[in-house]
Amino acid sequence: MKDIIQTIIENGKNFPDQVAVKHNDESLTYEALNQYADHLAVILKDTKSPLILYGHMSPYMIVGMIGSIKAGCGYVPIDTSIPQERVVSIINKIAPQYLLNTTDAQLHIEGPSIITTTALLNVDGDSPIENSINDSAIAYTIFTSGSTGEPKGVQISYESLNLFTNWMIQLNQLGLNQQWLNQAPFSFDLSVMSIYPCLATAGTLNLVDKTMINKPKLLNQMLEETQINVWVSTPSFMEMCLMLPHLTEAHYSSLKEFFFCGEMLAHRTAQLLQQRFPSAFIYNTYGPTEATVAVTSVLITEDIIKKYNPLPVGIPQSGTSLTLTEEGELVILGKCVSEGYVKDKTRSEKVFKMQDGQKAYYTGDKAQLKDNQWFINGRIDYQIKLNGYRMELEEIECQLREVDYVREAIVVPMYRDGKVINLNAVVVLNHVEDHMDNQTITHQIKKELKRLIPEYMIPKKITYTDKLPLTMNGKLDRKKIAEDLLK
Ligand code: AMP
């Protein structure tokens, strides 16, 4: 098995001038990546708490990852889209000694010492340091939505990260020195699917930022300028890109491999992509953050598309097994399973167990095994995916109730073709001033929410009612509320 950090160090020697990471006109070669990561590791070497890695698509975010793993403390990525209150709550939980700020913005955060990228360039006289992380140490902690209103920090060990990366290297049919595309912000673990497999195979990691995502013209320009070979994204992002009429094999002949994860790959998306890129390898993979990005995969061929709708998510990687509870909930067993939520015994004990001497994670996904292929059939709880983002409806409801005007709230996902397309909130108001109409209140509620949760979690539409309906046994009647919204 390849040790990622060791391999990246060797790539620094074998391919010193090759670009390791690129974002617009900023790039770092393998030599520079290793050098700056070493500088950072020297600063962090006696640190016990993880490094907070703050920024968006700067190549220095990757320096932060490699340097903190080398130093043995690991990292917690925080994207710039995360609101201040949430950043503070993550920092309070982690109690970090250091924060690497890869942005130009001044951060007003109490607690950690702030390291700037300039400081990384200025550490002198140190020689390359050995990789000092051991297998059981936590390589990264990624925070995901939690139903109580407080995000959960999923801790992934260096061993799990290595196992995952080695599996991805086996799936990748194109080998060394490829151009990889990374779409996901680093605070989502889908980014792990491109970062480490790319760097461990001496590829170039091309970072797509949020401006490119919002402006297809810029994205098109980036794709025209860079001969991408391996594409890693959510299916939602692919759907958006398929609107670019030139995204075809004839026009982008370098694009030969696609990896999807994070949400259902819609049949029509796979079909359209397969028609546009008939000779490419298209993988559908499945997994939660709690089991190191992905645990199953299937190569989506023309035959699979003809035979199945919805599409399967495939079979598990070796060393990982899947079982179902009596209720049909999918359980993942193996070394890929997280060490638990950081400093959160109660929530960890609910979903992480030991089973037959192995770590087990209760996913909350309903699944089915058919023709020796796994299929995902929805959730047993109120976790959803919207544009590839994972969120708990109950967390949004919790935060809505934090807003002064709101007494009660329920959030209802609206579906098209089995996929959530937006969120509606139904709200019972506290007393509001007479002059305020619904439009003004909606504006105020959304403004307040912006402080508390990321923008992608804010309901698009808010409707108002005097009372939320209850079921016979006194629970909120989500089904009736959803039906009423469709009337
Ligand atoms: P995350 O932790 O953000 O990766 O989200 C994990 C959840 O996304 C899983 O528990 C599933 O509900 C869903 N998911 C991930 N990959 C797939 C897939 N290929 N097909 C269907 N659902 C998926």
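Backbone N, Cα and C atoms are what each Cβ position is placed from, and that goes for glycine too.
According to TrEMBL, Asp189, Lys475 bind D-alanine; the candidate from Val87, Val88, Val293, Val295 that the record adds to this site is Val293.
The ATP site recorded in TrEMBL includes Thr144, Ser145, Asn284, Thr285, Tyr286, Gly287, Pro288, Thr289, Lys475, and the single candidate from Asp365, Asp371, Asp381, Asp404 that the record places there is Asp365. With helix defined as DSSP H, G or I and strand as E or B, the domain 'AMP-binding enzyme C-terminal' (395-475) counts 26 helix, 27 strand, 28 coil. Within the same chain, residues at least 6 positions away in sequence whose Cβ sits under 8 Å from that of Thr144 (ATP binding site) are Pro151, Lys152, Val154, Thr289, Arg390. Cβ neighbour count within 10 Å across all protein chains ranks Tyr286 highest among the binding-site residues Tyr286, Asp365.
Checked against ligand 1, the binding-site residues Val293, Asp365, Lys475 give Asp365 in sequence order as having a Cβ less than 6 Å away from one of its atoms.
In the predicted structure, the domain 'AMP-dependent synthetase/ligase' (11-341) carries a mean pLDDT of 95. For the pair formed by Val293 (D-alanine binding site) and Tyr286 (ATP binding site), distance between Cα atoms is given as 8 Å, rounded to the nearest Å. Asp189 (D-alanine binding site) has Pro288 as its nearest neighbour among the binding-site residues Asn284, Tyr286, Pro288, Asp365, going by CA to CA distance. Taking CA atoms as the reference points, Asn284 (ATP binding site) and Lys475 (D-alanine binding site) are 37 Å apart.
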